[in-house]
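Colleague: The annotation Zn(2+) binding site is assigned in Swiss-Prot to CYS333, HIS384, HIS510. Residues or ranges marked as domain 'TGS' in Swiss-Prot: 1-61. Taken from Swiss-Prot, the feature region 'Catalytic' covers 242-533.
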Amino acid sequence: MINISFPDGSIKQFAKNITAYEVANAISMSLAKAAMVAEINGELQDLSIVIDNDCKLRILTAKDPECLEIIRHDAAHLTAEAVKELFPETQVTIGPAIENGYYYDFARDKPFTTDDLAVIEAKMQELSQKNEQVTRELWDRDKAVEFFKSIGEHYKAEIIASIPAGEPITLYRQGNFIDLCRGPHAPSTGVVKHFKLMKVAGAYWRGDSRNEMLQRIYGTAWATKEQLDSYLLMLEEAEKRDHRKLGRELDLFHFQEEAQGMVFWHDKGWSIYNTIEQYIRKKIRKNGYTEVKTPVLVDKSLWEASGHWEKFRDDMFALETDDKTLALKPMNCPCHVQIFKQGIKSYRDLPLRMSEFGLCHRNEASGALHGLMRVRSLVQDDAHIFCAAEQITDETVSFCKLLTEVYKDFGFTDIKVKFSDRPEIRAGSNEVWDKAENALKEAVEQAGFNYTLNPGEGAFYGPKLEFVLTDAIGRQWQCGTLQMDFVLPERLDASYVAASGEKKRPVMLHRAILGSLERFIGILIEEYAGRFPLWLAPVQVAIATITSDLNDYALEVQKALIDNGIRTDFNISPDKINYKIREFSNQKIPMIAVIGKQEQENKQVAIRRLGTTDQEVLSVEQLIAVVKEENEKYL
């Protein structure tokens, strides 16, 4: 007999060589019917797994969050099965679960069309309703290679051939379809009920642009119809808020082929950019940061010394001049170390907080570029804190508080923290890592955050915090980071004189709040759906006259607003007032100042705020005071 421990703390005895499904059935038939996979000693397994030793067992159903990835992986196999039934000449390659869904890559001469997707989806529904049994099979590697070659699946054969000889190969069979997979999978295709195929895109075999182009079908799959409907509704809303669309409509920026991944900022977009920079500058000065500016083009010798040349060479723009190789900086940190090294630094100088709106360039693949979210030229709200080891906790707490203030001012209050600890390959002793990780954990807790652990995901040179925002439609955006670094000060020979008189290496904290200004503005456009708050809006007050004989007064009002630093626009054309109001509303201007005869006589304006039809009559001085008060909260 074996002892099986359950999540409720109970322990039950079963005969050896019992399957997880049989255990579930012994507990209750309803549990066995709903069961998808088993968690045995913390590892997910098929329900068909034979248990022959004492263990901890959890039976998982669609209600458990871990099963969402299983459903999506099952949906990927179901997609491939449907494609093979409909288009037998197609070769299958790989199909993993990803965030919010899955994809499967296919090799096929003829491109898949939108109509094809509808047919494939219908076939998937049919296969799901058949509730085909899914079985796991162990194969010899060489036999598996020969089998897949014999059925014309050369990509699959290539993958299997790359697996070391002697390793067992697991294949999963459902109906007439068989696929290489580690698993686990649910016991039948019927668990995949709530799904939708989204789009087709190109993808290179093995992600290498030198290889052939495949066709990638993206899909989404969920545990319930409500979850699927909610996700599709969110996508509809996201499409309306797409920053690329709103960027064009609101005349904020554009991109063009002659400068891929580089933003052409228009007047209104540049106003937002500068306002954010002004806001951040005020915050960092208040928090004891100095601001610096470092070169954009730097000799490769510095990048070699820092280690960036070895790791990021392919992502850097380089050029040859005067027998030298120069590179556009992809990040600011090595340049900040050069400033730190100017003159002797004492322990009394620490912590030294050095910030820069640093212009960086990264050679992103053209297919990866995506509006403001993924560009080649970007400005980071970057800063590096040079400190002693004993200052790490206090500096991290201060940073967390600053970051929280900033996010709150932009309307983000749901902030999640991910903590990435030591990877297998790393610099520094376990003792150094223990102290570093404990310092960050203590700081995060002091700052009032809970965190989720990303085991082994830290950089080789130190642990990391990532700060994730949730936007108005539930999407998550990783923006802020704090990365501890023991290595760069050593590589670039940065030091300070300790109280004892000995020379020590500072710890370097790389930190950013927004990430890049370009990406953060893209996030804000979508968060606000283009309706920027008054202090941030590119045009704060638009002036509209009812009749042309009021134009002189309108220009007086505009001058008074501009003289007080208020961003304005006006329409004194002969157009109807309703048309003017509608046009300014479409531009999402927060305040429209309507001027009629009565407003002129009383030196007033009638204010209509965006999204309302109510009007509030203010004197020009009162209007100026309202806007200035809002500006002064942030700027």
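Glycine is treated like the rest: Cβ placed from N, Cα and C.
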Colleague: Mean pLDDT across the domain 'TGS' (1-61), rounded to an integer, is what?
Modeller: 95
Colleague: Taking the mean position of the Cβ atoms of CYS333, HIS384, HIS510 as the Zn(2+) site, which residues outside that list, in the same chain, have a Cβ no more than 8 Å away, listed in sequence order?
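Modeller: Not counting the recorded site residues, we get MET331, ASN332, HIS336, ASP382, ALA383, GLN483, ASP485, LEU488, MET508, LEU509, ARG511.
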Colleague: Could you tell me which of these binding-site residues, HIS384, HIS510, has the greatest number of Cβ atoms within 10 Å of its own Cβ?
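Modeller: Sorting the candidates by Cβ neighbours within 10 Å, the top entry is HIS384.
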Colleague: Give me the non-local Cβ neighbours of CYS333 (Zn(2+) binding site): same chain, 6+ apart in sequence, Cβ-Cβ under 8 Å, ordered along the sequence.
Modeller: SER306, ASP382, HIS384, ASP485, LEU488, MET508, HIS510
Colleague: Count up the helix, strand and coil residues in the domain 'TGS' (1-61) according to DSSP, in that order.
Modeller: 14 helix, 28 strand, 19 coil
Colleague: For HIS510 (Zn(2+) binding site), name the DSSP secondary structure in the helix/strand/coil scheme.
Modeller: strand
